[in-house]
Structures are given as C-alpha cells and as structure tokens.
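For reference, TrEMBL has these:
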type: BINDING; residues: ARG55, ASP112, ASP113, SER114, LYS154, GLY171, ASP172, HIS249, SER250; note: substrate binding site
type: BINDING; residues: HIS125, HIS150, ASP151, HIS223, HIS249, ASP282; note: Fe cation binding site
Amino acid sequence: MTVCFDQSIQDPQLIDTKNHCNGNELVLEGGFMIPDNNGGGFDAPEVNAFGHTFRDYNVESERKKQVEEFYRMNHINQTYDFVKKMRDEYKKLDKVEMSIWECCELLNEVVDDSDPDLDEPQIEHLLQTAEAIRKDYPNEDWLHLTALIHDLGKVLLLPKFGELPQWAVVGDTHPLGCAFDDSIVHHKYFKENPDMNNPVYQTKNGIYTEGCGLENVTISWGHDDYMYLVAKENGTTLPQAGLFIIRYHSFYPLHRCGAYKHLMNEEDVENLKWLQIFNKYDLYSKSKVRVDIEKVKPYYLSLIEKYFPEKLRW
C-alpha cells in the first residue's frame, strides 16, 4: 500500500516553514539527496487535514485555542528539574512488557492535542509516514521502521503508563538549562516558567558548553525521549540515525529553525541530515488518506523482528 496525494506544490519551502524559518536542500555523504517533487519523489500536499497550511499556529480553526492552551501549560511546567524527575522515573521501564506492534495498536486510543494538523488516531499517522518513506527510500528499511515507531512514546497518555498530561507527552520539544530560543512556538508563555528565575539558565549556553553534543543536553520531557529510552535500553539494532530521529523529531527549533546548533557535535550534524529528511514525511503525510493496516502489517512485523526483541520493557 502506497500513500498518494492529489495535491502538490511547486515550492515546498513556501509552507515547510515555522516561525519564518527556512529549510535548505540536503545532501548526505555519498550524494544521497532528498527526492524533489519534480523528480517523482514524495509529493507534499498543500494543506493539512483541516484544509489549512501545515504547522500554522495562528490560523483561526477549531483546534487553535486547544493547541495554544496546550503550549501555555507546556511552557510553564516543563522545567529542568521536572525533566530530570521524569527521566529518572521512566528509565526504569517497569510499566508493562509488550511487543512493538502491541504498542502500535494501543495508539488507536491516542489523539495529540498539540497537533494543529491532525486529529486522527495516531496509528494512522505512523503508517502514513512509514508508507510515504517506503515509497521513496525502498532500500532503507530501518527508516521505514523508525517512521512506524517514532511516536509510540505517546502511550504515556494512557493509564497503565502513568496517564501523564498532554503537555508532558506531546508537542514541540526544546532544551532546558539554557535560554529559550525565540523560535519556540508560543514563546511568550515561558515568562511564567520557574526556570526564568535562574540567571544561569537564561544564557545562550546555560549549563552546557559549545559543541557538547545533544546527548548531554536536557530536552523537554515527552514521547520522543521516552521512546528513545525504550528502544535503547531494550537493545535495538537500529542505526544511530534512527535513534536520533526518534529522540529529536519534535525538536523543531533545531531542525526547522537552526536554533541550538552551537550545542551539537559532529555526529549530531550528520544525524540531523537524516532527521530533516524524515521530518518532511512526518509533517506532510498527515492527511485523511487511509492505509490498509492488515495489508502492510506483515512487512512491518518482519522489520520489528529484525531490529527488536519479541517483547520489550516499557
């Protein structure tokens, strides 16, 4: 099953932006490039599931107030100490034991309140993303699987995983322990964040050093970091680029606006190229197009068996 779209655009950069940030054409080592629309690659739709341009947080819509309230709570409550507490709690991986596919099915119960583009169950988004990537990158099976599982951490919203509030699970992520960059969506609400009272946290580098590597930077807690912990601690054989995508795919200030690049090391720079390729599909595959789950399920089960143990600790 391949996801296709009826609509296309001449210049993806006209809408593939956020807070007036511009993307650049990417070339990986060896000349591995993003397919462009003119060459028959992924054809990005012009509008999201609601008929608006993607990631527009200002357009008047039925979800605008809900999304803005989400970010108000997120920016007030995501503090450095809160994130440290969450990581210490959830790295125990003592909530449940289940397979990757069982977790995929659990996502049928989840809708992301922070997303201005989508209100479908999350399993639909996972398969839309994975199938779109599979079409353009048929030989990169690790990338197909990464797309399938990148949002599985959203199960944190469910009772058996602690039933965390939406602001502690979904939405764009950003570093703690240093200044909040202006590119972060609804930046104005940080004025009520307790970390604003710590002058060290309000400098460019904060508690970090330039080039320290994102591995050493504390990022706001959510489904990204949780799924990264699950994958890593359960011994996945996904390449580092896959783990990087899982951990930072919601870090929009970095991969859409270029903020916080001064904290990256050389490995981060190379992995970021893969993340920016992935992000195009993660964002623009959000539509009302449905995927035949039973038809594609055997393929993804084979990838899960290749890269993960049968049962994982969550």
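Cβ coordinates are placed from backbone N, Cα and C, and glycine is handled just like the others.
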Number of Cβ atoms other than its own within 10 Å, given for ASP282 (Fe cation binding site): 22
Cα-nearest neighbour of ASP172 (substrate binding site) within the listed binding-site residues, HIS150, ASP151, HIS223, ASP282: HIS223
Site of maximum Cβ density within 10 Å, from binding-site residues HIS125, HIS150, LYS154, HIS249: LYS154
Residues flanking the Fe cation site, with Cβ no more than 8 Å from the Cβ centroid of HIS125, HIS150, ASP151, HIS223, HIS249, ASP282 and excluding those residues themselves: LEU126, THR129, ALA147, LYS154, ASP224, SER250
Residue with minimal Cβ packing [other Cβ atoms within 10 Å] among the binding-site residues ASP151, ASP172, HIS223, SER250: ASP172
